[in-house]
Amino acid sequence: MMGRRNNTNVADFILMGLTLSEEIQMALFMLFLLIYLITMLGNVGMILIIRLDLQLHTPMYFFLTHLSFIDLSYSTVVTPKTLANLLTSNYISFTGCFAQMFFFAFLGTAECYLLSSMAHDRYAAICSPLHYTVIMSKRLCLALITGPYVIGFIDSFVNVVSMSRLHFYDSNVIHHFFCDTSPILALSCTDTYNTEILIFIIVGSTLMVSLFTISASYVFILFTILKINSTSGKQKAFSTCVSHLLGVTIFYSTLIFTYLKPRKSYSLGRDQVASVFYTIVIPVLNPLIYSLRNKEVKNAVIRVMQRRQDSR
């Protein structure tokens, strides 16, 4: 659907989705619904296990609770609307589109800085184990968890305000399955250069600052691990970091591939695959990454289940 609105912004957008084939749409609906249900179960389960087991009331699992909350929210911002579009109407209102873009950017930025906070926690645990409880005080933990949300809100607010000043009256067709910056910028009838530069600075600074702090933390962690004499000690220290490193690698590689490039290099097929990965797949992977290799979480699940059985 195309239409001119006499210099008036469109009232709604049309999300073209991933495919026009009804058979493939139904298959994607079933797949995405299954992934979303597993995402809900995994992240809510992780939050509940950490809350219910006192032995997991530590800074590491405090941050992991918020990571699960962000992943759950992150997926909820995109997946339900995507599922609805696959079955029924693919319309989204102008306000709804920008609201989706705001929360998506807010949660994405918050997760970047939360991963930095988690890296600092691992640095304190491995490099200063005797002073860990003093370093990771309640006040510092609250600061490290509040900061990502505040920065995420500010960055997302600036992003959405700058995007809302653009005009969209030539076309309302978004060649994507959700409201993201690149395909929406492509619809604008006005010059987007300043907006693109601003978004590039926001996204670039977020990725650079968070990646720098994560990298710096792991450089110190690596030097500390190399100084450990026993092989078992090295393996134990490394095992506490491998889950976080894997999560960071997957999350940042897709973000950098998608956002740190000029709009002219936007590729519909490639970018949609990357978007599916970090909006739908990554939120379901994190609970698996942080629990399957974690004996403390497994033991906590057993303890919670045993307490439930004993209480009957």
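Cβ atoms here come from the backbone N, Cα and C positions, even for glycine.
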Site from Asn6, Asn229 that Swiss-Prot describes as N-linked glycosylation site, others unannotated there: Asn6
Ile50 vs Lys227, membrane side identical per Swiss-Prot: yes
Among Cys97, Cys189, the one of these disulfide-bonded residues whose Cβ has the fewest neighbouring Cβ atoms within 10 Å: Cys189
Secondary structure tally of the topological domain 'Cytoplasmic' (48-55) (DSSP, helix then strand then coil): 7 helix, 0 strand, 1 coil
Recorded stretch that, among 140-160, 198-217, 238-258, 272-292, has the most CB pairs under 8 Å to the transmembrane segment (27-47): 272-292
Same-chain residues near the transmembrane segment (140-160), Cβ under 8 Å, at least 6 residues beyond its ends: 59, 62-63, 66, 98, 101-103, 105-114, 116-117, 120-121, 181, 198-199, 202, 206
Chain residues in Cβ proximity to the transmembrane segment (272-292) (below 8 Å; excluding those fewer than six residues from its ends, i.e. six or more beyond): 18, 32, 35-36, 38-39, 42-43, 45-46, 64, 67-68, 71-72, 74-75, 78-79, 82, 104, 176-178, 180, 243-244, 246-247, 250-251, 254-255, 257-258, 298
